[in-house]
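Annotated in TrEMBL:
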ACT_SITE  B:E469  active site, proton donor/acceptor
ACT_SITE  B:E478  active site, proton donor/acceptor
BINDING   B:Y363, B:K372, B:Y373, B:E426, B:D453, B:M454  S-adenosyl-L-methionine binding site
DOMAIN    B:43-322  domain 'PRMT5 TIM barrel'
DOMAIN    B:337-498  domain 'PRMT5 arginine-N-methyltransferase'
DOMAIN    B:501-767  domain 'PRMT5 oligomerisation'
SITE      B:F366  site 'Critical for specifying symmetric addition of methyl groups'
There are 2 protein chains.
Amino acid sequence: MSSQSQFIAHLTLEDLAKREFRDDGTGKSTLMLQVAAEARSKGYEGICIPLTNEKWKSRWRDLCLLPSEDVMDNRQEMEKKGEEWRANPGFDLDEVTITRLEEAEKVVGITSDLLDLDSSDDWVRNDSEIALLQELAYASYLGVRTVILPAPRNRAFVASYARAVNAALKANPYIILSVRIPIYDPQMIQLSSGTPGTLTGASLKFVDDQPSIATWEMWDAIRTICDYDPRLTLTLDMTPPLPAELEVLYQWVAEPTRYLFLPASAFISNAKGYPVLTKGTQSFIRDIMKIQPHVILSGTFSGRHTKGGEAAYSQYVRHLEKTSPYIKAANTTGTVENFAHGYQDYLQKPLQPLMDNLQSMTYHTFEQDPVKYRNYEEAVFRALSEWPKPGKIIICVAGAGRGPLVVRCLTAAVRTGKEVLVYALEKNPSAFVTLQSKLRREWGDKVKLLFGDMRTAPVPEPVDILVSELLGSFGDNELSPECLDGAMRFLKDDGISIPASYTAYLAPLSSSKLYNETRVTKDEKEVETPYVVMFQAVNILSGDGGGIRGVCGPRVQECWEFEHPRRDAVLNEQGLPPTNSHNARSAKLTFHIPHAGVLHGLAGYFEAVLYGNIGLSIHPDRMQKISKDMLSWFPIYFPFKEPLYLPSNSELQVSMWRLTSDRQVWYEWCAEAFLPLPGTSVLPEKPKALANTEDDTSQLLAPLTTPTIIHSPLADADDSTSAFTSEKISLGCPPDESGSEGAGSRIGLVKIGQTSLHNPGGRSSWIGL
Amino acid sequence: MSSQSQFIAHLTLEDLAKREFRDDGTGKSTLMLQVAAEARSKGYEGICIPLTNEKWKSRWRDLCLLPSEDVMDNRQEMEKKGEEWRANPGFDLDEVTITRLEEAEKVVGITSDLLDLDSSDDWVRNDSEIALLQELAYASYLGVRTVILPAPRNRAFVASYARAVNAALKANPYIILSVRIPIYDPQMIQLSSGTPGTLTGASLKFVDDQPSIATWEMWDAIRTICDYDPRLTLTLDMTPPLPAELEVLYQWVAEPTRYLFLPASAFISNAKGYPVLTKGTQSFIRDIMKIQPHVILSGTFSGRHTKGGEAAYSQYVRHLEKTSPYIKAANTTGTVENFAHGYQDYLQKPLQPLMDNLQSMTYHTFEQDPVKYRNYEEAVFRALSEWPKPGKIIICVAGAGRGPLVVRCLTAAVRTGKEVLVYALEKNPSAFVTLQSKLRREWGDKVKLLFGDMRTAPVPEPVDILVSELLGSFGDNELSPECLDGAMRFLKDDGISIPASYTAYLAPLSSSKLYNETRVTKDEKEVETPYVVMFQAVNILSGDGGGIRGVCGPRVQECWEFEHPRRDAVLNEQGLPPTNSHNARSAKLTFHIPHAGVLHGLAGYFEAVLYGNIGLSIHPDRMQKISKDMLSWFPIYFPFKEPLYLPSNSELQVSMWRLTSDRQVWYEWCAEAFLPLPGTSVLPEKPKALANTEDDTSQLLAPLTTPTIIHSPLADADDSTSAFTSEKISLGCPPDESGSEGAGSRIGLVKIGQTSLHNPGGRSSWIGL
């Protein structure tokens, strides 16, 4: 169940000037208290007002900015006054809008619009910063919780703006600052049709992503300079109407968008005269409602729209919120969104059930999942139905836990009418007590219990069907491959494994929130741990379509796969693999980044084939089809220690490894960013003549020992669906990989950045074997 | 005095096979010991040999790589053997070249050239890594200090190569690894004239920087993934002949280039038949000799050149070393290079003489400088000579220390024959004792001593000439502006200050060594401290020429300036400025980065005008002209916490602030990187009609309160040479700064990266007032 967004009433100095104080005779009321009470009575949570008034503006202008250069009579005098102010900045009583603690309650303050923190003039910036600190000191004094800063306006001096904001954050340790940023810059828009000035949304189309990226890029520069201070938030100014194409705007969901600033002027009238928003803006608001920004409404009492009155604006926005797909899902029992309430963007350490024995409550939680067990039962049902041989079918549930899969196997057997014997094998001695209880009370002689680790425990007879559920959010991260290697000892040669295979997927992710969550610890190990997390304030940065060079994979890419049973395996006398080398994996993936963003981590998913076309999936594009409303797995998150800036149309090359020693399994990951340069070519043509002359030069650089004609037998041993074949590995890489990416291609690549290697040597989050 | 580079003899397996063991009857000698002894007798420091031989290669090939796919008879058997090896990797006696501790002494090992750590085949990479770890474990066992790794060959899998190297570094905590990297990739070269295959250097010209950048970029990716491990070094392979244009190769000086690999085949014959190097290679070796790499000579005994024999190669390289400008300077008394011996790339905390009283030894060191005091004397001499008024001239030396400037003032007065009185003002009570001693023994009544801080101490009369030396490596970083503000009280209105002004300069710097030095501490404050350092293994990344967009400043750019006396100053009753706002400064500089590199920090310099055209300068391009052989100041270094990758032809925008509160002065700095996209334009034309329509949209984004027609009086008060004028501040910025850089220009900018803000709030290295 999700709570509702709150509304805040915005009042300008002009708005306030029109209000009249009504003396109630108590001597305690003030104009501001009356204004606030009126707003609350209309359903607003609070009011948003400037902290200072025209009197202050006028004095400040005199202090710092001479009216013109030829009026120099009192110049020295005014400069002296300016210096006096700089030495002791402070307000007079009649220069501020609020003066009492009660007046400051639930007020969102706005700093003076005179402040010009990104002026190209040094002195204007200097004095603006002093005035900003003066306003914030006063707001802090009165206990104002949040202050909205003026929008940055000058890209060339955004670093100066940001530095001043950072100084303000440090000087006021309890206040929350919110930078007002227009959702895009209409000055940069190209109208695809229609005439300039008719910005009604319908006629509007972004020709490229610059109009939006320009303002986001300012925000990104500011929060990066402020080192992602958690007290620095964003007031997204929705004044410009939005075009229908919204993909480029998703990034705002991954930012700390605390307020939406929505003036009455952003509304259009519907046929009946009521205020409504353009289709693009509707759609955007429905989307961003999942991170529940407060909505600041402005000018709603000005009668701009003929019908509905002041309340019509908030009623309409509330309607959008209620029809948001995310909010609807969150309010519907049985959905992941509903189940995960309170866990959004919350980082959890992945379970390590091989190393740690699970608690009964953990089993209980996962047994709630209606979809996972239904699909398992269906998979066993089909496997039994299609089983070609007569007679009793021997099933082993490896890792039986408290027995839910045993129950499903028995039900499936009843449905097929075939005779089965189920071995329930479990290593957790506590859960084994529960299994004994169920055996005695429910299962009888259809089930035999076996205690022990599936890699070593004796099993009385070879089995036909091996059923296991050892999957993690990334597929293999709970060591399913290693455990099932050990269980293959007692699977018949023509036996089948449920699951038959599972595949890990990756996508590049942006999320200010998750970045800040992972680095609250200064412990490097913790920063490099993968986490299980229900994503919410995130944006997948990649897009489909191949990118400018046409070599990139899809938005979410296959990382690697595991199959069971493994074919052509080399085994020792105990039927176990002599080393774990065959469970090492690596992937190099190339993602197309259509719109600029900051990479904070990788989102990991899995998809498993249980049997035939029955599966389990948390792949964002396929989960609805394969296992809708399955609750057992949130995605996994591989964080990066340092954010990596990715421009529009860049290529991101991600390397991910699954590594193994004789004791551990762990992941390492890193990424490189490139920008394709259209129209360039690294090499006009390849100087093959040079490469073929076997002089000392070419010999040195391409030693004759390169095993170019020798193939790996074990790679060949893996069949074509394995991630080990070179075609899969080279997915997304340029066709010609002879030392320079892009050689032979029409479009060259320029490297623009790189992350470090994460979790080297498995120093954190290794998994004991 | 610098020591000489060492030579190492490289021997291939073929070379070793030709040597014969000579039994000396002791029973203790071995072939390898004889080979090593012979090399030493020829002047080599040691030998460089493969660790394993053809027998190992043959076995390893069998273990891992089947000869071809149709020979499958013993496939299962061979796969089993492979798994046995992977479980317990080890050598047989006759598979290695050295077996005894004595044999390993002064040996630089080379790993097998079979290793293919960046193969596109997963299994080849997997087995190469196991074999690499096996070789390094064996080398560690024998105490081999350094092992050279095979060159990376496959850009697409360089991350895998690097990850394996990183694992090897972690597994062998005492060994030094050196990655062999060709100085450029001849396959990527475009010959400007001549036919392919005739790579003699003279006919060779890099059309762009790709051939060199391609191999450097591989190195950069590797060391970044290895997190700049100090045990990871570079063996620069000099086999390809170098073109005459070398600028792009300077970056290797800023890397841990431990070895130069120089085969006999890289030499050409001179007219007499002796081996010599091409002009380009000569020039490069002379340059890189300043970081003293060891030189590995290969094939020198093969008689490739008709004259000079084996010794001719090392003699020739020694000749290049001796004629290296840096080595020559280091061996010449009186040069900075000679004076700074032992201090190269050594980080020192800047002095804070206002906060800390200096020790006599510190004064003594700085008084050694022959140039600084000569120039001061000359400045005072000229000032006195040109002094327009008759009568005694009153001089004050503010910050007299132990008196060297007092002496120079007296000498200058004698030279002019004018009558002077010198007040020697000093706040250090210990130095004041020395001053008293000099007064009594040498100066007599020409000098009067005054004890106290120049900002507050009473001075008996106004002075004509104020002489001070309060300069730091960045000009103002020892608080000269603040101190001289305080001394202006007692300077006559028409008095002069020596120095008259000083200017700070900045340039972007790359240096693996300095990056590693600054981060040895995990303390964030220490990482953000500016340091004084004599640069050596560094590369200035910027270039002259304006860059692709034509808007960039020169290679080393002016940051800001201070002038004394200050004009039109606002002062209080004590003659002091009411605030220190006027000493705040900021600069935004745009640098052209011609060749890809990694930004690790900013190099800071200063240049001071003492009087007229007499100055002091450590500006790298002007110091020779203005104050050659001045020893008192090394440059200053502003480090970045995180390296920033800069591609070729990028633009680097650096922001630097000098900030001040009522108690402190400090610097903050950050940088943004952009790539100009040739042929693109953000806006085809500016939609001015839209911006001028004063609807709600444009009003919101460009508030009417923007003080566009209002000028700052204090900015105007500063004269045109001050860094405060907007023309200077906007140096290098696009002409149109209305919110989107490059708007209106033919060439758009794409942001590609950013650093965080360094030293925010002056949390480290602040300077107390």
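Even glycines carry a Cβ here, placed using N, Cα and C.
Location within the structure of each feature annotated in TrEMBL.
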{"residue": "B:Y363", "record": "S-adenosyl-L-methionine binding site", "contacts (Cβ under 8 Å, 6+ apart)": "B:G401, B:R402, B:A431"}
{"residue": "B:F366", "record": "site 'Critical for specifying symmetric addition of methyl groups'", "contacts (Cβ under 8 Å, 6+ apart)": "B:K372, B:S632"}
{"residue": "B:Y373", "record": "S-adenosyl-L-methionine binding site", "contacts (Cβ under 8 Å, 6+ apart)": "B:E367, B:P404, B:L405, B:R408"}
{"residue": "B:E426", "record": "S-adenosyl-L-methionine binding site", "contacts (Cβ under 8 Å, 6+ apart)": "B:G399, B:A400, B:G401, B:F432, B:L435, B:L449, B:L450, B:F451"}
{"residue": "B:D453", "record": "S-adenosyl-L-methionine binding site", "contacts (Cβ under 8 Å, 6+ apart)": "B:K427, B:G486"}
{"residue": "B:M454", "record": "S-adenosyl-L-methionine binding site", "contacts (Cβ under 8 Å, 6+ apart)": "B:A398, B:G399, B:L425, B:K427, B:S468, B:C483, B:L484, B:G486, B:A487"}
{"residue": "B:E469", "record": "active site, proton donor/acceptor", "contacts (Cβ under 8 Å, 6+ apart)": "B:K372, B:Y376, B:G399, B:L405"}
{"residue": "B:E478", "record": "active site, proton donor/acceptor", "contacts (Cβ under 8 Å, 6+ apart)": "B:P350, B:L351, B:Q352, B:P353, B:L354, B:L470, B:L471, B:G472, B:I767"}
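Spanning the residues B:Y363, B:K372, B:Y373, B:E426, B:D453, B:M454 that the record associates with binding S-adenosyl-L-methionine, the maximal Cα-Cα distance equals 24 Å. Taken together, the residues of the domain 'PRMT5 TIM barrel' (B:43-322) have an average pLDDT of 88. The Cβ of B:K372 (S-adenosyl-L-methionine binding site) has 23 neighbouring Cβ atoms from other residues within 10 Å, across all protein chains displayed. DSSP assigns B:E469 (active site, proton donor/acceptor) to coil in the three-state reduction, placing it in neither a helix nor a strand.
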